[in-house]
């Protein structure tokens with residue numbers, strides 16, 4: 001084999017490591033897998049806990065309470081007959097002879113079944129008190145991931161400033177893989193809780209390092225907005241595939257199957273990171289980033305973080321409570337519990353990709369303001385649904401609006417750091433991820449308790465009104481001022497760039513002389 005042919009793969013690998021698009025692909029896949037694992041458990045956990053804990057307990061108690069009935073020559077005045085033809089139970093009155101029973105025939109005086117209210121469909125779960133308590137337990141389990149991520153994020157932001165983005169990204173892959181395998185083989189609430197918390201650690205490394213890496217690679221604001229929109233499309237695609245994929249695989253294959261598929265995909269992502277990112281390479285930032293607490297004192301960053309938090313809190317509250325509400329009011333089968341989120345996921349995918357480009361033209365502040373208002377209106381409409389088809393409209397509006405907010409606020413966070421602080425992005429995207437996680441921590445943990453106290457409709461009203469009330473604050477992001485010291489730095493480093501935005505004077509030849517300003521004025 002000639003030496004030139006051997007060098008071709010290495011040339012491709014070197015070119016790939018220098019390509020911004022392949023970095024975007026790596027971040028896209030990492031966010032895709034993270035959010036598939038985030039949402040694949042949504043339809044599985046409530047029904048799995050109900051099956052293993054409530055039905056398992058009752059099925060073990062029921063045989064002990066059942067005693068064989070003594071043989072009797074005459075049937076009681078009211079008795080039940082089970083039909084193996086149509087799996088129905090019929091209550092009859094009167095008596096039947098022993099000969100009739102033996103021959104399996106009905107006597108001529110057999111009366112008609114007693115008129116009674118129609119029974120509930122067989123798909124309706126029993127144990128409403130258990131389901132009410134399960135709201136809180138499932139909410140805490142879902143919130144554990146976000147709570148852990150909330151604590152870990154600031155440390156990951158500092159770590160990326162010191163050693164770069166590549167190693168934290170790979171650490172996130174390893175932890176996510178372990179969490180996925182643990183989900184597959186966990187059979188109790190405690191093990192599921194630990195697996196969910198472990199996912200929070202891996203997600204913190206992946207999301208903070210991934211978004212910071214994109215912001216550092218795409219320095220132009222317009223290109224950064226497009227790249228963030230594509231990366232958030234991976235997040236949206238994970239949310240889109242996760243819940244329906246989990247519900248179908250759990251209903252027809254088994255609990256472990258969706259998690260084993262995700263573990264295999266995670267291995268492919270790890271191989272891609274090894275080839276493209278070189279995670280053994282330490283590449284700290286050349287300049288020291290702005291401290292987290294300094295960024296947290298910036299009111300414009302806080303407004304942007306609040307928009308991320310409250311808009312995502314709505315769907316975070318829906319994740320643990322909507323499946324249980326559907327089980328109680330709609331008697332929905334297992335596969336429908338995940339399919340209910342499909343309209344929101346599809347519209348979120350459309351919204352992030354569409355407004356990644358449009359938001360820069362129409363104004364990201366306006367896009368976020370409209371998005372939060374639509375989030376609130378959509379949440380108010382959710383309790384009006386009587387079946388799964390009634391959820392299509394509200395969930396579609398919810399996903400589309402959250403896509404508007406996310407695709408606008410993520411680039412704004414990087415823009416605010418460029419405008420008002422040092423252009424190092426690990427800490428600011430740690431704050432963005434903290435805001436995202438606060439929504440997914442507060443939402444599920446408080447949502448279950450609120451549902452048990454005042455009901456699901458009131459929960460939707462509360463979070464819907466909060467989003468509508470917060471929307472006008474996005475107006476303050478319309479034209480954020482730059483810090484005075486940042487303006488001075490910009491004017492020293494690139495004076496021609498700052499002049500180009502404020503004047504249209506004719507260009508002058510270099511080098512400039514003392515009389516150059518007078519000559520330029522005469523030329524005008």
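The backbone N, Cα and C atoms fix where each Cβ goes, and this holds for glycine too.
Among the features that TrEMBL reports, domain 'Major facilitator superfamily (MFS) profile' is placed at 72-482.
For 21-45 (among others), the entry in TrEMBL reads transmembrane segment. Here the transmembrane segment (21-45) has Cβ contacts under 8 Å with residues 138, 141-142, 145, 169, 172-173, 176, 179-180, 183, 192, 196, 199, 202-203, 206-207, 210-211, 213-214, 217, 227, 230-239, 241-243, 245-247, 250, 255, 258-259, 262, 265-266, 269, 272-273, 276-277, 319-320, 323, 334, 337-338, 341, 345 of the same chain, all six or more residues outside its ends.
Below 8 angstroms of C-beta separation, residues 30, 33-34, 37, 41, 45, 49, 52-53, 137, 140-141, 144, 201-207, 209, 255-256, 259-260, 262-263, 266-267, 269-270, 273 of the same chain, each at least six residues beyond the ends of the transmembrane segment (171-195), sit close to that stretch. What TrEMBL lists as transmembrane segment is 171-195 (among others).
The transmembrane segment annotation in TrEMBL covers 201-218 (among others).
Under the heading transmembrane segment, TrEMBL lists 230-253 (among others). Tertiary neighbourhood of the transmembrane segment (230-253): same-chain residues 24, 27-44, 47-48, 210-211, 214, 261, 333-342, 344-346, 348-349, 351-353, 356, 399, 403, 406-407, 410, selected by CB-CB distance under 8 Å and a gap of 6+ residues from either end.
Residues 13, 16-17, 22-23, 25-26, 29-30, 33, 36-37, 40, 166-167, 169-170, 173-174, 176-177, 180-181, 183-184, 249 of the same chain sit 6 or more residues outside the transmembrane segment (259-279) yet have a Cβ under 8 Å from a Cβ within it. TrEMBL lists 259-279 (among others) with the feature transmembrane segment.
Sequence annotations record features per position, and here TrEMBL assigns transmembrane segment to 300-318 (among others).
For the transmembrane segment (338-358), the list of distant contacts is 39, 42-43, 225-226, 228-230, 232-233, 235-237, 239-248, 315, 318-319, 322-323, 326, 332, 367, 371, 388, 391-393, 395-404, 406-408: same-chain residues at least six beyond its ends, Cβ to Cβ under 8 Å. The transmembrane segment annotation in TrEMBL covers 338-358 (among others).
The transmembrane segment annotation in TrEMBL covers 365-385 (among others).
Proximity of distant same-chain residues to the transmembrane segment (397-417), defined by a Cβ-Cβ separation under 8 Å and at least 6 residues beyond the stretch ends, is recorded for 211, 215, 221, 224-225, 228-229, 232, 235-236, 290, 295, 298, 300-301, 304-305, 307-308, 311-312, 314-315, 318, 343-356, 359-360, 364-365, 367-368, 370-375, 377-379, 381-382, 423-425, 428-429, 431-432, 477, 480. Look at TrEMBL and you will find 397-417 (among others) tagged as transmembrane segment.
If you look at the transmembrane segment (424-443), the same-chain residues 6 or more away from its ends with a CB under 8 A from one of its CBs are 142-143, 145-147, 149-150, 153-154, 156-161, 165, 200, 204, 207-209, 211-212, 215-216, 285, 287-292, 295-296, 301, 304-306, 308-317, 319, 409-410, 413-414, 416-417, 463. Among the features that TrEMBL reports, transmembrane segment is placed at 424-443 (among others).
According to TrEMBL, the transmembrane segment annotation covers 455-477 (among others).
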Remote residues contacting the transmembrane segment (300-318) - C-beta distance under 8 A, at least 6 residues beyond either end:
142, 146, 341, 344, 368, 371-372, 375-376, 378-379, 382, 398-399, 401-402, 405-406, 409, 412-413, 416, 420, 428, 431-432, 434-436, 438-440, 442-444, 446-447, 459-460, 463-464, 466-467, 470, 473-474, 476-477, 480
Non-local residues, at least 6 beyond the ends, that sit with Cβ under 8 Å of the transmembrane segment (365-385):
307, 310-311, 314, 318, 322, 351, 355, 358-359, 391, 393-395, 397-398, 400-405, 407-409, 412, 456-457, 460-461, 463-468, 470-472, 474-478
Can you check how the pLDDT averages out over the domain 'Major facilitator superfamily (MFS) profile' (72-482)?
79
